[in-house]
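*Asks:* Submitted below is the structure of interest, expressed as structure tokens.
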């Protein structure tokens, strides 16, 4: 169905919110590189390069998205109300949070400490606020339309932002004044963690049931072109492991040793259980994806789903490795980053080529 726009120019007609996955995927490389051991040669430069790229991508997307809403309001509203496109407004929130986190880590060397932290905090507040909006709206839709739609992995997109806020909020809490403000931010982040985890588990159960029904009916478990979305749950896994351990580490700056130790133990226990699930899921999804690529999986913006989840797993593995003191897990984090960079390059090049050829932006 076509919608009239306020201009005859098609350039910005289809700047949909899933474009912000490019900023997410770029920013997470910077965050992951900065999170790893600083003595590893080259990581600081990698973090700086990808931070600059992430800032440029985010700024370009914000400008394009604003133009889309200004010049093509009817189309923008249609996407906003679309059950297939609304979930990707979560990508807008997570892009703000990811680039904000990268700015807080890498930005001080370029912007100065105070400016970088101010920008980082501002993006965290904006991303958290938008993420809570997408979370609430999606939960209302799920309750209202229960059983009326086909559950898909991308349903996670609008409910995951609070988890990213919890992860990045660990650093935010440390910059708060000591005492009540710092404790309040820490508690708020744990609430965000619980909200996101609860919703994610519910959606994953619905997706698993849908896949089982599809298999029983003798049809594809998931549409072929939607296979990249299978990586989205890995983003939840990585971010939740990172959040549970980074918040525990941050709690030592706000809580008593006894309480901080309890949170530390929770982070390790959570990371162990969910990490095992993550390894199994990672191997499974990788196998399915390789098979799909061999069968000729067409390029789409969905390919950016390969980037952020791998980066999130790298950040999660690093946080868990630091918490446990495991060099093996820290090595896994480095390996994930090493794999992520060429994947990012492939997706970025394919995206640029598609833009130059006119294949993108395309109607969703």
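These residue numbers are counts, starting from 1, taken along the chain as shown.
Glycine residues also receive a Cβ, built from the backbone N, Cα and C atoms like all the rest.
When I checked TrEMBL for this same protein, it listed these features:
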type	residues	note
TRANSMEM	49-66	transmembrane segment
TRANSMEM	86-105	transmembrane segment
TRANSMEM	117-142	transmembrane segment
TRANSMEM	154-177	transmembrane segment
TRANSMEM	183-208	transmembrane segment
TRANSMEM	229-248	transmembrane segment
TRANSMEM	268-289	transmembrane segment
TRANSMEM	301-322	transmembrane segment
TRANSMEM	328-349	transmembrane segment
*Asks:* Under 8 Å, at least 3 Cβ pairs, sequence separation 6 or more: does that hold for the transmembrane segment (301-322) versus the transmembrane segment (229-248)?
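*Replies:* Yes, these stretches are in contact.
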*Asks:* Residues sitting near the transmembrane segment (86-105): Cβ under 8 Å, six or more positions beyond its termini, same chain?
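*Replies:* Apart from its flanks, the transmembrane segment (86-105) reaches 16-21, 23-24, 27-28, 30-31, 34-35, 47, 50-51, 54-55, 58, 61, 65, 79-80, 111, 116-117, 119-124, 126-128, 130-131, 134, 137-138, 141, 154-161, 164-165, 167-168, 171-172, 308.
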*Asks:* For the transmembrane segment (183-208), give me same-chain residues lying six or more residues beyond its boundaries with a C-beta closer than 8 angstroms to one of its C-beta atoms, as numbers and ranges.
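*Replies:* Sequence-remote neighbours of the transmembrane segment (183-208) are 128, 135, 138-139, 142, 151-153, 155-156, 159-163, 165-166, 169-170, 172-173, 176, 233, 236, 240, 243-244, 247, 250-251, 254-255.
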*Asks:* Should anything in the same chain at least six residues away from the transmembrane segment (49-66) have a Cβ under 8 Å from its Cβ atoms, list it; otherwise answer none.
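*Replies:* For the transmembrane segment (49-66), the nonlocal Cβ contacts are 12, 15, 17, 19-20, 22-23, 26-27, 29-30, 33, 92, 95-96, 98-99, 102-103, 105-107.
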